[in-house]
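Annotated features in TrEMBL:
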DOMAIN    15-69  domain 'Amino acid transporter transmembrane'
DOMAIN    137-468  domain 'Amino acid transporter transmembrane'
TRANSMEM  20-39  transmembrane segment
TRANSMEM  45-66  transmembrane segment
TRANSMEM  141-161  transmembrane segment
TRANSMEM  218-238  transmembrane segment
TRANSMEM  250-268  transmembrane segment
TRANSMEM  280-301  transmembrane segment
TRANSMEM  322-340  transmembrane segment
TRANSMEM  371-392  transmembrane segment
TRANSMEM  412-432  transmembrane segment
TRANSMEM  438-462  transmembrane segment
TRANSMEM  486-507  transmembrane segment
Amino acid sequence: MPRLISRPEPAPTYSNLVGFIFIFNLIVGTGALTLPGVFAKAGWVLSLIVIILLATISYMTVTFIIEAMACANAIKNWQTLQALRHHSRSSAESSENDDASADDQGSDLRDLERVPLTIQNAENHYYQLSHKFELGEMATIFFNELGRIMFFLCLIVYLYGDLSIYSAAVSRSLRDVICDQTNATDSPNSRLMFWPGDFRNNTAHACWKEHTISRLSVYRVILIGFTLIFGPFAAFSIQKTKYLQILTAIFRWMAFTLMICISLKLLISRGPRGHPVSFNVYGIPSLFGACVYSFMCHHSLPSLLAPLKHKLMVSKILSFDYTIICAFYIVLAMTGIFAFDRIEDLYTLNFLPYDVDYTDFASGLLIGIDYFLALFPIFTLSASFPIIAVTLKNNLQTLFLDMSRYDTYSPFVRILFPLCAIIPPFCVTYFTESLASLVAFTGSYAGTGIQYIIPVFLVYFARRTCSELLGSGIVNSFESPFKSSAWLIFVIIWSILCVCLVTVNMVS
């Protein structure tokens with residue numbers, strides 16, 4: 001019998017529209033700003049084909065996660081019904097030997113008559129999404145001990161890497177906006193998350209000419225403030241960040257719409273300045289390196305789906321999210337590569353007016369766009385940080401605690417795990433800004449495991465376990481449309497190809 005870890009989950013607290021926004025915010029990060037650059041290198045036709053293929057395969061593995069979560073609910077419900085059947089048989093045997101009054105016996109018989117109806121009713125609703133099962137809980141149910149250890153190693157490395165990257169990227173971006181640009185040590189063309197380690201230079205250079213405080217000190221002050229503001233969200237559930245997600249979604253739509261509209265205006269007013277090639281096979285590794293994780297939401301999916309009010313709509317919500325996000329990526333990249341003769345690695349740098357003084361409304365508008373687009377990565381990563389932190393906390397609890405007894409643990413134990421999720425990334429980013437190797441490792445290898453390999457093995461063992469316990473007569477309403485085992489083999493082959501191409505990109 002598979003081991004099952006669970007605890008009661010609160011009632012749904014947000015609508016499907018809010019769920020749509022949560023998923024949109026989690027998927028669309030600053031990685032989208034690197035897409036126009038790699039589109040220009042790999043060719044617009046080749047890039048178009050690859051990004052649509054990536055979106056489709058990522059959606060495929062998302063449906064595997066949903067099906068596995070429904071299977072975990074089915075096993076939980078099956079175990080509950082077995083206990084109910086055992087209780088009904090025990091009650092029947094005790095009522096036969098009981099010398100109680102006839103009225104009491106009649107009451108017991110009426111209770112027993114209702115039990116089979118309850119069981120019959122529940123058997124038709126085995127497969128649900130009513131109880132939240134984190135990926136770690138599903139791994140505990142469906143994997144053996146070795147598989148469970150490998151899963152948690154992969155997930156924790158990825159999530160800790162994400163939190164470290166987000167903390168450093170937000171702190172560094174805000175520092176560079178606040179400090180004088182003349183003292184910056186990086187070129188304007190540096191990529192946001194692949195900067196060189198410049199602690200020595202930032203220690204020697206002042207943030208402002210008229211003050212002695214160093215750029216490194218400003219970075220650390222911002223990092224402390226960011227952790228104090230967004231770190232406490234790890235102690236709560238994801239739905240506590242609802243209004244933050246809605247506000248950030250508005251900023252994202254504004255930023256993407258602004259960049260697209262400016263590019264279209266340039267195309268109309270002055271014609272195409274860029275002349276990208278159609279196909280460039282040498283650009284495939286960098287294209288995969290930037291695009292392969294542009295649709296990642298798998299690690300936090302259970303926490304996002306459990307509070308939805310209408311869970312039967314979950315596949316439609318996700319399909320809308322993936323379709324809109326893919327269209328956004330395509331329009332953003334296509335307008336950019338034809339509007340500009342040169343695409344910066346970080347696309348927002350194409351819109352920054354350098355050395356612009358305020359003289360009239362138009363120059364003021366340019367300055368406003370300058371600051372808004374410079375702060376855009378901060379908005380996106382700040383909204384994703386609490387979701388990643390909550391996911392990491394939940395999986396750490398699953399790894400070290402008996403979640404069926406969660407309510408019996410002391411407050412110290414409950415607060416320990418949010419701290420374990422927040423403090424290590426803070427310590428890493430406090431002492432270094434250079435996270436290029438961390439980005440490469442967590443994104444390329446641990447990310448492949450989370451997005452492709454783990455969903456395949458979860459759904460494979462989930463299907464096999466449910467077939468053994470429940471048979472094939474009960475329909476899973478949340479079953480993936482990609483039911484054939486051939487799809488599972490295809491995703492495994494695809495993941496190997498992705499790792500190879502991304503490794504080539506890292507080495508080159």
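Keep in mind that glycine also has a Cβ here, set from the backbone N, Cα and C atoms.
Predicted automatically and left uncurated, TrEMBL annotations should be read as such.
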Study note, to complete from the structure: Sequence-distant contacts of the transmembrane segment (250-268), meaning Cβ under 8 Å and at least 6 residues beyond its ends, amount to 24-25, 28, 32, 328, 331-332, 335-336, 338-340, 347-348, 351, 369, 372-373, 376, 379-380
Check your understanding: Out of 45-66, 141-161, 322-340, 412-432, 486-507, which stretch has the largest tally of CB pairs under 8 angstroms to the transmembrane segment (280-301)?
Key -> 45-66
Revision key, fill the gap. Spatial neighbours of the transmembrane segment (412-432) not adjacent in sequence (6+ beyond its ends, CB under 8 Å) are 159-160, 163-164, 166-168, 171, 197, 199, 220, 223, 227, 231-232, 234-235, 389, 392-393, 396-397, 400-401, 438
Revision key, fill the gap. Across the domain 'Amino acid transporter transmembrane' (15-69), DSSP yields 51 helix, 0 strand, 4 coil
